[in-house]
Structure formats: structure tokens, C-alpha cells
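Structure record follows, encoded as C-alpha cells.
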Amino acid sequence: MTLGDSFISGEAGRWAGNSNESAAGHAGTDRAWDPQTRASDPHTVYGASYDDGCNRSDSAEVHSAPGSDRRVNLACSGATSTAILLPENGGEPFKGRPSQAEQLQMTADGHPVHAVVISVGGNDLGFSGIISACAKNFVKPPLFAKPCSPEQAKVVDQRLPAMRAAVTAAVRDVRTAMTRAGHPAGSYRLILQSAPSPLPDAARIRYPGDKYDRLYTGGCPFFDKDLTWAHDELGPAVSAGLARVAQEQNTEFLDLSHAFDGREVCSDTTSQVGKGERPSSVRSEWVRFTTSGLGQGQRQESLHPNYYGQLALGTCLGLVLERRPGAYRCDNVPRQSPQSMTVRPADF
């Protein structure tokens, strides 16, 4: 069972790679495209969750992981830790749905549960707003355009303690919900996971120089300094904060912060689809590029694991569940498919 935010709900699972071509379902990258009707229906991928924006895809981590026949995805795009909390502890309905801990209790009652996996914290930190601020700085007139990281790094440092506290409360309420459903601690595996970095550092970007091809072609409108900060500092800092929560709350931890290294949007070891390049889990990007939402899908899909990325995350989870409880790190194998992911003990 999975709970949390867009990085585990399956946001962007509609897309198998990225393409700037519009014909034939954006060169075959749009999994919602029907060649018979020549139209796209996102419900094909997201089901009814598309209507409220939770965007739980058919390729989400819980569905891509090998193993159990019964899988439940309670995560919802945009969720903060408050969306997980039990009502008596401040949990509130989110997008018309009860709090996730409340849903968990009702769903788990009377059914065997092998594992509960949580991905949350990014929205508590304001990750989307931070990245958006960086992109907006990039597209400002040259006189005003400048890297965002010096200012945003201070914001992150200020918010990390509150993020840890919020995630801690969510983990505790998940345990309480499971106990009330007849599953005491120790009878199931409880895993807190981090999120993969969607952006490469500046040394590995496919579009060298702080130029507009990053915006108009690549879908990665960020300055070199901000790319390196996001990959080398922001992602690891969030992951370390979550690892600390996992250690303090005696849960397992899955570090995904470097799982997409070399597979990020605009990475120089990947390519866009089009001009003879078909979607490929080996060559295509594993992250959805930034989009305005006017021509290709929804803006909220930007910088999330796409179909290939979600297959990779499912492989990571499956590998962890095959091992003894603990803290693990998942990595990809260069030039190999999502099924070739590897895990090893995390070093924190």
C-alpha cells in the first residue's frame, strides 16, 4: 500500500519519454493517445483520479513493483503531511477524499498487509514553488535574470525542520491507523522513501550554456548554478532529512535521491523522442520535462517520474521487499532498462 504525494501517486505516468513533436501522440510518448480516434484520454492512464487531480497512474510504483496481487494506491498529487494525518490530529480531506491515514485504516481492516510505503515531505517544503521560482528567474529579461539558488537555499534551510516534524507526525499516524486496523507494529513493513532528483547537475546537461534552448527545446529552464544546487544539495538535503525521520521513528528507508542519475530531463546521456528516435526505456528521459500545460498534458506533471521512471521505482521497491528490513539506496545501471535497477545499503 502506498501513501503520500505525487512522486508515488504516479504523476506523469502518462508519458513515455519527452517529445516536442505533436503528431501521433507526440511521437508515441503519450500513452493516453488512441491512434484509432486520434485523440488522447488521460483517464486511460490515471483512471477516475484524473478528475480530481490525484493522478494515480496505472504504472505508479505500487503497480510496477513485482509481488502481491493486491495493491492499493492511496497517494494523491499535491498532498502534504496534513493530508495523511488522522482527523483527530489535524488531518483534513484533500481533493474531496478523506485523510490518507483514515483511508488506510478502512482499507487495511480485515486484510493482510505486507508493506506500507510513504513518500511525503516535498510539498511540506514547498518544492514546487522553489523550482518554479528558479524557472521564472531563468526566463526574466537578461537584466533581471539570475540564479535562484542563493536565495532559495536559505528558504530550504529554514523549512527543513518543519518538514521533518510534519513527516514525523504523518508516520506516527500511519502506525496508529494500522494498529486500529488490526496490524500492530512489526507485523508489516513500513518504508519511508525520498524522491529522485529530476534534474542533472550543470556538468551533465544536454544544452550547454545558460541559453533559451533549455526552455524552448529541452524543457529544463534553469541556470547552471541552480541545476547543480538542485541535484547536489537540495535533493540530498531533503533525503537526509527524511532518513533522519526514518531512523528516529524506527521505520525502513529507501533513498531514491540518485536513482535517476543520467536519466534526468535534459541529461546528456538521454535523448528526446522524434526525428527517427522512438520512445525507449534505455535512451529516453525518465522524467517529464517542464510544460505550461497548454499543449502537452498538465503543468503538474512537470519534473515528475514518467512511465519509465515509475517502472524503475517499482523495481527499486520490489528489490527492497526481497531483502531484510533496513535502509537502502537504489541506483540505475547506465544504458540499461528500468528492470536493471540495483539496491545496496544506504550510507547515512
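Glycine too: its Cβ is placed from the backbone N, Cα and C atoms.
The region 'Disordered' annotation in TrEMBL covers 1-46.
Among the features that TrEMBL reports, disulfide bond is placed at Cys54-Cys76 (among others). Cβ environment of Cys76 (disulfide bond): Asp5, Ser6, Ser9, Ser49, Asp52, Gly53, Cys54, Arg56, Ala83, Phe94, Lys95, Arg97, Gln100 lie under 8 Å away, each six or more residues apart in the same chain. DSSP classifies Cys76 (disulfide bond) as coil under the three-state reduction.
What TrEMBL lists as domain 'SGNH hydrolase-type esterase' is 62-266.
Here TrEMBL flags Cys134-Cys148 (among others) as disulfide bond. Around Cys134 (disulfide bond), a 10 Å sphere centred on its CB holds 24 further CB atoms from the protein chains shown.
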Average model confidence [pLDDT] within the domain 'SGNH hydrolase-type esterase' (62-266): 97
DSSP-assigned states of the region 'Disordered' (1-46) in counts, ordered helix, strand, coil: 14 helix, 9 strand, 23 coil
Largest tally of Cβ atoms lying within 10 Å of a Cβ, found at which of the disulfide-bonded residues Cys54, Cys148: Cys54
